[in-house]
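Participant: Let me begin by handing over the structure; questions about it come next.
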Protein chains: 2
Amino acid sequence: MSGTNPPDGGGSGSIRNNPDVRQRVLAPPKAGLLKDFKSVVEETFFHDAPLRDFKGQTPAKKTLLGIQAVFPIVGWAREYNLRKLRGDVIAGLTIASLCIPQDIGYAKLANLDPKYGLYSSFVPPLVYAGMGSSRDIAIGPVAVVSLLLGTLCQAVIDPKDDPDNYLRLAFTATFFAGVFQFGLGLLRLGFLIDFLSHAAVVGFMGGAAITIALQQLKGFLGIKTFTKKTDIISVMQSVFENARHGGKRNKKLFWVPAIAPLISVIISTFFVFITRADKQGVQIVKHIDQGINPLSYKKLFFSGKYFMEGIRIGGIAGMVALTEAVAIARTFAAMKDYQIDGNKEMIALGTMNVAGSLTSCYIATGSFSRSAVNYMAGVHTAVSNIVMAIVVALTLEFITPLFKYTPNAILAAIIISAVLGLIDIDAAVLIWKIDKLDFLACMGAFFGVVFVSVEIGLLISVVISFAKILLQVTRPRTAILGKLPNSNVYRNTLQYPDAARIPGILIIRVDSAIYFSNSNYVRERASRWLREEQEMAKEDGMPAIKFVILEMSPVTDVDTSGIHSIEELFKSLEKQDIQLILANPGPVVIEKLYASKFVEEIGEKNIFLTVSDAVAHCAPGLAEQQA
Amino acid sequence: MSGTNPPDGGGSGSIRNNPDVRQRVLAPPKAGLLKDFKSVVEETFFHDAPLRDFKGQTPAKKTLLGIQAVFPIVGWAREYNLRKLRGDVIAGLTIASLCIPQDIGYAKLANLDPKYGLYSSFVPPLVYAGMGSSRDIAIGPVAVVSLLLGTLCQAVIDPKDDPDNYLRLAFTATFFAGVFQFGLGLLRLGFLIDFLSHAAVVGFMGGAAITIALQQLKGFLGIKTFTKKTDIISVMQSVFENARHGGKRNKKLFWVPAIAPLISVIISTFFVFITRADKQGVQIVKHIDQGINPLSYKKLFFSGKYFMEGIRIGGIAGMVALTEAVAIARTFAAMKDYQIDGNKEMIALGTMNVAGSLTSCYIATGSFSRSAVNYMAGVHTAVSNIVMAIVVALTLEFITPLFKYTPNAILAAIIISAVLGLIDIDAAVLIWKIDKLDFLACMGAFFGVVFVSVEIGLLISVVISFAKILLQVTRPRTAILGKLPNSNVYRNTLQYPDAARIPGILIIRVDSAIYFSNSNYVRERASRWLREEQEMAKEDGMPAIKFVILEMSPVTDVDTSGIHSIEELFKSLEKQDIQLILANPGPVVIEKLYASKFVEEIGEKNIFLTVSDAVAHCAPGLAEQQA
């Protein structure tokens, strides 16, 4: 290409800098208001083009696709085979054995009878299996949401004084959690959960895990001093821990930690039963009602003071549950490389919780620990959730009486062991390395939960997440550019120390859209760069700055305030006999610069396609000298 | 420079694309955590380097600079001369003649006696003149804040039933408005007011103006049907309107509209007095207490239920007052090209309102109409505010009894005429042209105020402003790049229709920092671009895409979620046998890519300084073909 360079070209590779032939900065073709608006709506709500596959299909095919969209299991059914079934059954049995003891423990975190935990592992997974698009998630009650629901409901009704209304409140909250989840998905507002940053979630989960573990440990240790009989529990615990590590070391042994809890439960229950340790102070589960979920739709509050509380609690707990489920679904989808539609996922989760609230379940969502086991056990589709639900139902129908002698302490150990997996120290270290502000959010959420309460921790996470966004939009980065040696490439002088400044020219890059929230800052920052550079030039005996080139490649958009700011900068520079020059304004920006008549003001000849074109124009001598 | 191109160079102007000699993408020199943190704090709170002038000065000089920083008037005094004094006195007299009738009218908007309006034009301007940094702003009560304060206080206490407590609440709100303003300035949180977008302010002001005008017009028309004597008022009004237009046409006649209100008041008061029109139903001011501001510090609520209300009302009204004052100060500073320190300005405004609340004033701020007159009258420094304050004090001391017969209708006319200036149709039209979403914010605020209430209008402005920011950070723009003919410049194919795509290569530019709020969107959007391009390539019989180049120049930052997303994209592309390539990651980004070990994963050789380098690497044949 070098050969085709016109002789007047200053910088090769740049556009010819003769103003008559140089490529103009173009405004994009006019789209029209309605089309503009349509494209904004599409990108905001339908950026994944959910109806893409429906285009140009026959009505019959469209109907089938529609059914598949609502019930992904229909789509999977056509490719289902025995091999997949085997994987799903093994995975389902494994997560069932893990979920039964967890459910009994988690229900207590929510101040509910153990049976409600088991109920919540029956109906919701069945509904999800039909509607959900994740193949790896394991549905049921989870520790953090149970704790959150328990804490929030307890603040309204004391579960010991008024267990009936407490239960009704929990169901009402579950109902509205489902309604919120469903609504967010239907209105395609799923992106709202993106406002809980990853760092805040890591901190929140870690904090919640510590809180739960300490709470359980208290009970656990309390019993230990009570009777020596519980030594069996420490033994179980250490067996269990060893098993857990075995599973970590060898992937094929995934089932060892997965079924260890159930085995611990069985063995310890058996020991308590034959030694009658409960008579000597070992606290036991005592009684679990037999039979599957009774209907509970009559128990929901739809008026009165608990109605509003139910909406509030459901909203908070529903959002946290959603964040957890979507994070899990996305993680495994990325690992196996299939697509998750966040909005559809929310519709599935919402439906399942609404259905759950009518059948004596409390809020269910995706469980980190069980989903990981599910994945390792070789799950193929959500059929594993169906297998698990059937096992839980059979347990409820036939085996629950046997849990009578299960010691609470072993449940505590199982909970502790499950929640400790939520403490992701590696993630926290990585966050520290990558972004200090993120780490602050993480620690804020963590200490908020540990030292104050779950709600405060959650609030801190949200506030810090938002503060970060606001900081981002108020204080965008700016940089001074210099020319890399032997090239026409202009780069940040801080990043590339050998990038040379051009005498008499200041090149500033603004790294953000210029909006009302940062327009004043950008203008003032540019003035300050200029003032500092002028002083430096004076000291060094360099020529005074005569041109300020504003590299606008990263400026993706401006609004009215932004245009005002650029205009003010232009006028203020004019008074100091300095020419403002714009380089590479993007499509949206150039359109608005035309609309606001600013292009007329600054002159089309002062807008260039690249920085090197602009420099060639400002310092033609320099270009010749290099050529 | 073309001559110096190495023979192996694919694209001239790009860095040599031989991987051995090509310029590496550098991480910036390590700054260390503390320095990093310091720089974030500096840019957030001290981006204007307020202590810049203090560096390397003697202690005596530092003290003087310190005094000057708090009292800018000290700095001006040294350059003050008779010519400036003349300008300031003329301007001061002009704005005094405008403010006296306005004050009387505005006090009624706040449901207060007329004298409180005049009081508020005495103490606050004096305090501001000493501490403020704007030379053109005219301080005193303004229509919108008066209305807002009146509406908010009225909702708590009925001014007719309990005028004493109402007055105390107004003073308490003024006190806390001052405290908030002072606090924001002191903590250097002034940037918070940038969150009220220009568009929302235009809409809010316009709506408030219409509301006030209609309110006044009702009284105005009601009287007209009552007695023919008020015809004099219509006459005055038309005289006044004509004078106003005269002033607009000829800049030298600026004083005509400025003193027209006062003259109308004098003439109409005289007519009412000699005809005793008040006996025939013309409503008059009746009585204004003589004498300057009495102390009011004992009237503030510092406990009880009105205390909290005072804080709330003060917070809202204080923020609106601040927005107005800072907007005025910035506008005139930009016109005359001097610097305004927003944070110092807030400290001055806060001090002035705290002082005002102790001396029977309600919230004062910068007035649009009077500041414009001040500027046109040739003001030089804030001394004009002192002149105005003295005139107002003399008026309070000697002339107020004469206002007894001033007809309310003429005050209504003056208010209407003043607030109509707040309706900025040109600005609204410009906003419509530049940014449709801004226009929506503008109209939302406008109709909110007109059809619901001032508070709702304000709330709508804030919510829409925030929604805009959130939309910006969740749905960043992305673009497909193509090569401009005869160059190595890659640009948005939508903006430059002749930019050609490179077969087998997809170049995507992400126009924003990749944060938790948009990382999922960016990943999904990139996958969708790829899918669409692959389908298109298949249809057209073009080679399948083998490389995705992510142009990261506009990606100013990433956080943990952002890195996860890039990693997921990389892995998902790898599974489809497509290589992900990064072009020009900025300093912060490359540092984090190294910290997270992603550079090791993708390989340093797949990160390029420019898109054209990357293309030369992916399609060496193409480069040769062009060379």
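Even glycines carry a Cβ here, placed using N, Cα and C.
Residues annotated as region 'Disordered' in TrEMBL: B:1-21. Residues or ranges marked as transmembrane segment in TrEMBL: B:137-157, B:169-189, B:195-214, B:253-274, B:311-334, B:346-365, B:377-399, B:411-432, B:444-467. Under the heading domain 'STAS', TrEMBL lists B:495-618.
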Participant: Quick test of the contact rule: Cβ under 8 Å, at least six residues beyond the ends. What residues does that give for the transmembrane segment (B:169-189)?
Facilitator: 45-46, 110, 112, 116, 149, 152-153, 156-157, 296, 299-301, 306-307, 309-311, 313-315, 317-319, 321-322, 342-358, 360-363
Participant: Are there residues at least six beyond either end of the transmembrane segment (B:137-157) with Cβ under 8 Å to its Cβ atoms? List them, or say none.
Facilitator: 95, 99, 102-103, 106-107, 109-112, 117, 120-121, 124-125, 128-129, 165-166, 169-170, 173, 204-205, 208-209, 211-212, 306, 309, 312-313, 316-317, 320-321, 324-325, 328-329, 332, 352, 362-368, 370-371, 373-374, 382, 384-385, 388, 415, 418-419, 422, 453-455, 458
Participant: Per DSSP, what is the helix/strand/coil residue tally across the domain 'STAS' (B:495-618)?
Facilitator: 62 helix, 21 strand, 41 coil
Participant: Have the transmembrane segment (B:253-274) and the transmembrane segment (B:444-467) got at least three CB pairs under 8 Å, pairs 6 or more apart in sequence?
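Facilitator: Contact between the transmembrane segment (B:444-467) and the transmembrane segment (B:253-274): absent, because fewer than 3 Cβ pairs are under 8 Å.
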Participant: Name the range, of those listed as B:195-214, B:377-399, B:444-467, that has the largest tally of Cβ pairs under 8 Å with the transmembrane segment (B:411-432).
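Facilitator: Comparing B:195-214, B:377-399, B:444-467: B:195-214 has the most Cβ pairs near the transmembrane segment (B:411-432).
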